[in-house]
Amino acid sequence: MRLFFKFFYLSNEGFDNELCGNFKSPCKNIGYLFNNSRVDKNFNSTFYFSPGIYNLSSSIIIIDFQVGINLIGIGENKKIIITTHKGTRGVISYNSNLIIRGITFDNCKVKKNEFPLYVPETLTDYSDDKLDYLTLNYYIGTGGALQIVYSKVYISNCVFSNNKGRNGGAIFTVLSNITISDCIFYSNQALMRSEDGGNGGAIFFGLSTNAIILKSIFKNNMAITGGVIVQSNSELRVEDTVFAYNQASNGGVFLIFNDSKIESTRCSFYANYANISAIANIQNSFAFQKSCLYQENMASAMGGVFSLVDRTILFVTLSIFNDNYAPSSLIVENHGSGLAMFTNCEFTFSDNFKRQIIQSLFSISNYNFLLLKDSRVSNSKGNVIWCTSNAIIVVYNTTFYNVSSKVINIHSQGYFFSISTTFIECKAEDYLVVLRNGARGILFRNNFIDNNGILMVFTTYNSSMIIIESKFFNNIVRNELIAVRNEYTLQIYNSIFKNNIGKTRGCIISVDQLGKLTSTNNYFINNTSVYGTIINFVKKRFNYWHTDFQCFSTFKNDTIVNNTALVSGAIVYYRDKIIGTKYTCESCLFLNNIAHFGNNINSGFHSFSVIQASKVHSNEHFPALIYAFDQFDNLIRGKNDIRFHVSSCDDIHLTGVTSSTIQLNGVTALYNLKVNSPENHFCNLSYKSNPKKGDVKLPISILNCPQGEEMFDVSYQGKVFQCLKTIETSNIAKTVMIITTSILVLLILLCFGITIAYSKEKVINFGNIVFLILMLFSCLFLCIIIYVSIEPTNFSCQFSAIVFPIGIGILFTLTLLKQYKIYKLFKYSDFLKINTDNLKMVKYAGLIMVPVFLLVLIGVIVYPSKPTFILDLHTKTATKYCISRKYYVFSIVIVVYEVIILLTSCFIAMKSKRYHSTPGTFYESLFNSILIYNYTLVFIVLIPLFYTLQNNPTTIYLIYSIGSSILVFATLSIIFIPKINFLFRRKQIVSTLKKTIETQERDIQRNKDLLIFYKMFLIEKKNNNFNNNPIFNIHETFSSEDEDEDEEDDIGEGIYSLFNHWDQNKRKYNNNQIYPNQIPKQTTNSPSSQSIDFLNNPTIPKNKSINNLPNLFKKPKKKLKSKIISKSANSSPNINNNTINNNNNNNNNNNNNNNNNNNNNNINNNNNNNININTKRRKSMDPSLDS
């Protein structure tokens, strides 16, 4: 056939006329040439476009130009731009041959057809369905730049940008052959949302289209489905093409359906996006991908790269998948029933790839087939293969490296075949291979090396796994390498397990005895676990499939060497009871397998026994030893997860350490157990364990308390009974105090008898017999307390609480009144009326004791003291005390009150100190003061002891007893013993006093002579006009106090006054005058018949006259200085020891006169030397008698 060619030139600067179209005179509009019949269909016409923008007002319509139409751009394609008015398509090719080269189609947008539908006659043999598909579904508004129907089109070096169409934003083809080479498709769109629109953002390859795309770029194209290309019943071959940043709702790059075919070679897919299928959504079609790169493509729902539906076949080889993402499936979402095969592919994820939700790389949810061969998956963070159907999955010679989740996860009755697969350095947070719900799996010559995770292989729910000639080296698992559950079938042949570690349970195999386990010709070497290094039989679970399923296990020709269990079960460990037969291995080699706390075969906790005492005292400590055993009667050693608890029956209260955890040695103890119940009770203690393994009940009975102990309820809430040793007052203390008190009682009675018998004696009468009797009765009451307080009873507690404070109060009160009366009488010089009126004394004592009586009465009535046992559980003793809840408050008030009485007494005693040795008082003031001081000292010591030492009955009794005894003894020894001594040793006392006085007189006379001589010497010196001579005032009584008060005086005045005083006494004596003490004269002159209280007045001897004295002793003519010589230290009258001496000497003189002794000179001299010479004070004084 002969071809004819025509050439036309077009330019924006050209003119449309009959002569245009040549190089020198180009036409402006290509439509002018077609509309004016200048283009002959029998010629191959070529249109050359000069650089410029050609804005078409109507489409370039090419119909039946089978010889050929060529649209050629001159120069750069970017400078030759064909665009159209809004709503106008660029080129329409019907039944033609078209070549387009070097032209840019920009912003061509079509909404409807401008030309009636052309259906070639050759289509009349098509079925009505296809004609309907062609004319109605995809024809209207398609192909913004090109619409190609039943044509052959070759496009090269063109740019399609910003074009829009209902289907096929740039190109739409039907029944055509199209080749696209070296083109760029940029920002084309198919987004019309009317029915059946929005398909193929760049190209729509429709019915019976054969397309080839070479070395092109598709970027930023957009559609509802098929962001770049939609294929429907067409074939496409793509080579060396780049697809980047395209997006769609479904199929970010391709939407391939309706028996289409696509073959992609050396293509790159980068950062494409879709909701479903970031690259291709393939439905009922065939896709072949070779040597392609898929990087960072993303689907928001599923199918990060591919989605397969219906009978689709996908074959991918020699391709790389890097950082693609979809939450459901990063690579393939397969809902079809076809095949998906990946060979020699690499699936990688960079360190920067961080997504929160990753389900899997391959998701299979229908009956289909997946082949992963000669590939590598690395750094995956999700499941690699997820299957929820009965699909067939084959993994051959593939490596899984650093996978952090499951590699195979089959949830239904699928089939998994792994051949020559390697799992290396996977750090799975879960399992690597999982088969569930009847799935079947075979691992043939697989390698598990340096992996770390929970498990490597897991099958459950009637699933089966066969492992043949596989190797498990250097893996670390939390549980075991292989775990099978619930009617499983696990068969392991000719495999090696070496240097694996199980961190928490077993190491190699974990089974639940509800399946079939076969191990033949395997090697288990240097593996380590906690329990059951080789096989760990865990607790059985519910049988989901058959209730009569039995376990069958076969172990044959295995080699088990150098395996270690950190706790127990170096080879086998049963966590639950044995259901089937025990582990036995035929023709197996066991060598150097070690369990640190067990044997080669052990089981978990199976039973326990308890050792406890069968008879104890109530609330007595006793231990219970518990031993835990496994099913092989070995102690459960090395565990601490078994807890035991003991409980008692209702009528016995149990305390102590009632719960405990098993120790590493398999034994635990419940320490300090105590059962509390009255005597002779019986109970069964129930011991329980957790995990529960049946109760152990042991009888225990409550014994009677041993001798010397009693049963007490030691709890504030009751029901806690304990035998305690009763602490009583020491027998030695009782004996000693009873003897001591008895002696004191005898002394009291003796004193009482003597007081009554000698009541008229002055020494008794002077002390006030009522006072003495009351004191004796108070002492007797205190002694009675000692007898009564031996044993705490209701009476003794009340009696002691009443009598003790009242008794010591009476003693303190009487001594206070006595001392006060003595002080008052001497202070007002009424000392001669020393006897206190009895009625007044009783009255005053009663008034002082009223507060004590009231406080004791109120305290005893409101808070009565009762005997109560005080329990000390630390020492296991019970001590009986007299206790009142708040009586101590009243007792403190009473103590304070009585301390006030004592302090007042002490104060008065200190004020009365100068009256202690007053003559004629029998030293009542002195002895009473001493008694007060003793009372105070004893009471101050007794009170703190009484309130602090309350923890022992012996101590309390001794405080009462010794305190009372000391008070009684002090009273008797200070008040009564001196009087009794005076009554029965009167002569001896008088004789002793006489000798003492005579000795004192001689000493005084000698000293006085020396002083007078010295005085005379000084006077003589003074008369000789010596200057600065010391002048001494010599007091004739030699009182230190007088020396301090006297002024310097002349010695002559002193001597004159002395003899003048003697003369006055002489006259009084001769006239039978008696001193104011009104002591009657004695009728006899015998010393023995005279009372010790009677003292004669001193006299001046008659044979001595004052006139006969030397001049030195005469009264000087000058007037005497008035002065106060001395104040007595004892009383207001000037009565002192010198006076006593003088009186005694006078008595001696009288006796000597009656016996006609001539010793008057000596007597007078003695009297002269010992008489006080204070004349002024003497006039107001009366002599007193001294005892």
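Just so it is clear, glycine is given a Cβ too, placed from its N, Cα and C backbone atoms.
Quantities reported herein were computed from a predicted structural model and do not represent experimental measurements.
Within the set Asn55, Asn934, Swiss-Prot records N-linked glycosylation site at Asn55. Placement of Glu791 and Arg914 with respect to the membrane, taken from Swiss-Prot, is on opposing sides. When Asn526, Asn1130 are looked up in Swiss-Prot, the one carrying the note N-linked glycosylation site is Asn526; the rest have no such note there, which does not rule it out for them.
Annotated pair Asn55 (N-linked glycosylation site) and Asn527 (N-linked glycosylation site), C-alpha to C-alpha distance, rounded: 80 Å. Taking the Cα of Asn275 (N-linked glycosylation site) as the reference point, the closest of the glycosylation sites Asn397, Asn402, Asn684 is Asn402. Cβ crowding, taken as the number of other Cβ atoms within 10 Å, peaks at Asn402 among the glycosylation sites Asn402, Asn557. Looking at Asn35 (N-linked glycosylation site) and Asn44 (N-linked glycosylation site), their Cα atoms lie 17 Å from each other. In space, Asn397 is the closest of the glycosylation sites Asn397, Asn527, Asn684 to Asn44 (N-linked glycosylation site), judged by Cα positions.
Listed in sequence order, Cys649, Lys697, Leu698, Pro699, Ile700 are the same-chain residues six or more apart from Asn684 (N-linked glycosylation site) with CB atoms under 8 A from its CB. Cβ-based crowding with a 10 Å cutoff singles out Asn527 as the top-ranked of the glycosylation sites Asn527, Asn794.
Nearest neighbour of Asn794 (N-linked glycosylation site) by Cα distance, taken over the glycosylation sites Asn258, Asn397, Asn462, Asn527: Asn527. Here the glycosylation sites are Asn258, Asn275, Asn462, and the one whose Cβ sees the fewest other Cβ atoms within 10 Å is Asn258. Look at Asn557 (N-linked glycosylation site): DSSP puts it in coil. Asn462 (N-linked glycosylation site) carries neither a helix nor a strand DSSP state and counts as coil. Beyond its flanks by at least six residues, the topological domain 'Extracellular' (865-888) meets 710, 712, 714, 722-728, 792-794, 796-798, 800-801, 859, 947, 950-953, 956 of its own chain at Cβ-Cβ distances under 8 Å.
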